[in-house]
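Reviewing the structure listed below.
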């Protein structure tokens, strides 16, 4: 297998860069960024309804679209990282842009929001917004989304780069799994802090201080990232990665009328990069093999000097073809991650539900937005217990280094999402009745979302790690758009005669239980689709680039060439 420029930039021998000592700097950056971001998201529905006079449905749609933009942009950040700037620079740039967005959000709380009129003084519902308030608010949302688009796809992959040996050994698989699990454990604790302390500050001290604290935390995150810069293992970007993907598709189309090489064809029938061990492409998605198949006269297609293709838009290497296959094969399973995005994105409704319920425990009143902490606590506890107590006995039982396969974890998580939605009820009693739904959702996230991240990172070629990791956010983005469409359709379709819909701002007149049952039915259908996609995918771990083995092959080739000379 070939190793691209980005792969070669990662040292194959012991180096003073990278390792465990860099992880605290990277995780600290991510922790403070998550505290800042989730501290803003948790209470934002209340900020929109109270300060901007939005209805529950309108505010939910706004936040759905904010989530969608925040989840779509990471794919562009990943492309920028893998093909132009590198992961470290993109993370730093994203942190700076997020800072600017949080500063603008603080301004929306500091500057007056309403026109001072007699009607406004009498009834706040009659107030008119200052014309520039909404543009300022949406500009802050957009800048924070752009910043997260640089941080989200790169931070996890950047941390994994410091530890990844780039092979399929059980030890490396276990190391990466431990890193992913504990990475999310720490992030879970940071989100718990954001959902409690930051939310409490916003309610007790007001929006100005409540928004200023995340700004300070984000500034701290950027500072810690830059302090650790001398110790990081930084892989240079490889501009040829994305170009290579496009070249394979173009070459396959141009050669579509040519004969397809038989499955038994040897490596001499295909174009491989000079200096590397010749190999044949896999038989999956065989129509793409035309892109790397040599014709009857290879001398006319390959440069004799360096072995490169004379026209890379008609002849690609086997490795380029396999990279495209890895991306294409993952897409059906990736599409099953859209429904979890719908579920996670609708967490604004539980906040509104909790606000109308009895939230006192003893003498303490729990903030409505803090009930999401039960989901994060469940996720955090499960990840810690699974990694430290369950993986070893499960791996002995199943013979799998991870205990169970990644797709099994993802499937169980999808099933739990359905259970969580089926348990959702718009009760009018204690808000503690919402806790079971939050806990089941947290367990589903721990199994499915972390499983998705590890699956994409493991299945994508090393040169496309950031792009692979960004697929989770991309699925969440499509989930936010789909969720917004579902909310809009239900809100419009269930309002009869101008009355209240299922999603009425007055929870006593709405039917949120019906809404949750619709989501549960969609989750069941999505689970059935996932089972089919998992069966069609085949075996895991076939696309992992084994860089160390390739380095050995490359060394042997060069030694043989020197002996001949």
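Just so you know, the numbers here start at 1 and follow the chain as drawn.
Using the three backbone atoms N, Cα and C, a Cβ is placed for every residue, glycine included.
Please treat TrEMBL annotations as automatic predictions, because they have not gone through curation.
According to TrEMBL, the transmembrane segment annotation covers 61-80, 92-112, 132-158, 179-201, 207-233, 366-386, 471-494, 514-537.
As a quick check, the transmembrane segment (207-233) and the transmembrane segment (92-112) clear the bar of 3 or more Cβ pairs under 8 A, pairs 6 or more apart, so the two touch. Note on the transmembrane segment (366-386): residues 42-43, 45-46, 181-182, 184-185, 188-189, 191-192, 195-196, 199-200, 203, 347, 350-352, 354-355, 359-360, 403, 431, 434-435, 438-443, 445-447, 450 of its chain, located 6 or more positions outside it, place their CB under 8 angstroms from a CB of the stretch. Contact between the transmembrane segment (61-80) and the transmembrane segment (514-537) is absent: fewer than three CB pairs lie under 8 Å, with pairs separated by 6 or more positions in sequence.
Per-stretch counts of Cβ pairs under 8 Å to the transmembrane segment (514-537) identify 471-494 as the leading one among 132-158, 179-201, 471-494.
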